[in-house]
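What follows is a single structure, written as structure tokens, with notes after it.
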Amino acid sequence: MKVLQEKILNEGKVLSGDVLKVDAFLNHQIDPVLMQEIGKEFAKRFKEENITKIVTIESSGIAPSVMAALELGVKVIFARKRKSLTLQDNMYVANVYSFTKQETNEISLSRNHIDENDRVLIIDDFLANGQAALGLMSLVEQAGASIAGIGIVIEKAFQDGGKKLREQGVRVESLAEIASLDNGTVTFVQQETAEVK
């Protein structure tokens, strides 16, 4: 997605060979126009999948998920990382290790909002080692719902998360695939199909 790649190049900051900071438009400050375009792109890619619900994880996955849900006409349910006084019982639970925060979180979804009749699109901001996506898949599978695919805003293709998910037969659609963050420079995976001008 060209507009996203341009945003990453112009406003993203490479902090190391593994870490890209995109807090200027995605995971702290949010660019709503960009999120709207991201939502439209996810909806376009998954429009034939009969999605009934989008599942994401708090908090950075919420904005792109809501925009995609608006386009698809479905609801969003986000996995919580912290226990809530109002959501204590009747939960699906999974453990997820965060590479960025170097900690394991117990994530949960209420059983009241997802069931075996749902066809789910999972959306997240980043895909690196795949732990968040695997945790979300576990929650969806515990509910008996089917997974239509996973939409990722930015995939670090040089890490093994995407490979792990695809090897399990999961459809993964990434809007920006990064081949490398070496030497403080973002290098994107070359698309196999050239854009028609």
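Glycine too: its Cβ is placed from the backbone N, Cα and C atoms.
Quantities reported herein were computed from a predicted structural model and do not represent experimental measurements.
The Cβ of LYS156 (xanthine binding site) lies under 8 Å from the Cβ of ASP18, LEU20, PHE126, LEU127, ALA128, ILE178, LEU181, each on the same chain and at least six residues away in sequence. Swiss-Prot lists LEU20, ASN27, LYS156 with the feature xanthine binding site.
Marked as 5-phospho-alpha-D-ribose 1-diphosphate binding site by Swiss-Prot: ALA128, ASN129, GLY130, GLN131, ALA132. Long-range C-beta contacts of ASN129 (5-phospho-alpha-D-ribose 1-diphosphate binding site), restricted to its own chain and to partners at least six residues apart, with a cutoff below 8 Å, comprise TYR97, PHE99, GLN159, ASP160, GLY161.
Cβ crowding, taken as the number of other Cβ atoms within 10 Å, peaks at ALA132 among the binding-site residues LEU20, ALA132. Within 10 Å of the C-beta atom of GLN131 (5-phospho-alpha-D-ribose 1-diphosphate binding site) sit 19 other C-beta atoms, taking all shown protein chains into account.
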